[in-house]
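Below is one structure; the comments refer to it alone.
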């Protein structure tokens, strides 16, 4: 055949060289659904521990409740990845959105730590379903030659939500109440479901089930849980996620202990705006520059970010840290996700995204955990410098697998 048409024609590539445009109605709706669901998730991130404390949780239980979502998501992702490669993504996304709606209302009316913990676990199931589903759905609508640009836009929605969500949750909880913040997040979940139901593409599996080799059932394989070739990418991104989520959880307490004379919540909006500009300016680089190039660039960004926060003496150091976060963690989020799909191929895009998001889950869990240990166990001046160790570890993971990672191209 001279061409092929996955799903309903959005990535058609024919012998005459005609290429379907990158931005379509369905792509925009998936991007919008992604923004709303991630905003809902990030709104609860910086306030859930404080809310647990008001319900009577002690310090250890506060931390466990905060991390329960990512732990639940980590264990559910293999199942979600299989379902996204084998069933309708529309159904899976609606289920995930509905769970987000239910759990945020549950948060608002939880009366004790046990109830809050149960809601957090259910929220993790919804997070696993919808995050893998939407990213996989989008990847089937993009031509491989534009995968970097397309996933870059998707990553922008994630990163913007991760920047605005925490700030919005903190502001509403302080100005009104925790309950108001959770109910606001529940309205975001409603918008997720609305966007998903408006998508024309049915989200059916990209590869026919008959085309997959049959499982003889003799022994469990790693590929049944994750995409093995993508694990190094997920671990590299986890190394960038640990400093980001440690900072997200402790920047307010760090600033208070360091007696910083200005508000630090503006860090997140600055990060979001700079990230948006970076994604626009560098949109053509995602499909042309090597992974090593981006890893070098993002490493520099993270190092400067951590050093800037370690010397937080003025607003301009905070602004510099936010800018460098966009050039570090923010940029790497898109690069690693696009590379994961290219390495695995579209038929395994669900498992590729499952593996990629497992890296996020681990970063979301280990970041606050390590941050808490550092915050209470080392002099406060060493909080951010200690996190610098994640960067050489990221390179130590990359170097043994550089041929596989750099060898993945956008040829269909």
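In case you wondered, yes, glycine gets a Cβ from its N, Cα and C as well.
Database features, via TrEMBL:
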DOMAIN    25-404  domain 'Major facilitator superfamily (MFS) profile'
TRANSMEM  27-48  transmembrane segment
TRANSMEM  60-79  transmembrane segment
TRANSMEM  91-109  transmembrane segment
TRANSMEM  121-144  transmembrane segment
TRANSMEM  151-170  transmembrane segment
TRANSMEM  176-199  transmembrane segment
TRANSMEM  228-246  transmembrane segment
TRANSMEM  258-278  transmembrane segment
TRANSMEM  290-309  transmembrane segment
TRANSMEM  315-335  transmembrane segment
TRANSMEM  356-375  transmembrane segment
TRANSMEM  381-401  transmembrane segment
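Under 8 Å from some Cβ of the transmembrane segment (381-401) lie the Cβ atoms of residues 232, 235-236, 239-240, 242-243, 246-247, 250, 254, 291-292, 295, 299, 302-303, 306-307, 309-310, 370-371, 374-375, all in the same chain and six or more residues away from its ends. The highest tally of CB pairs under 8 A with the transmembrane segment (151-170), across 27-48, 91-109, 228-246, 356-375, is held by 27-48. Summed and averaged per residue, pLDDT over the domain 'Major facilitator superfamily (MFS) profile' (25-404) gives 83.
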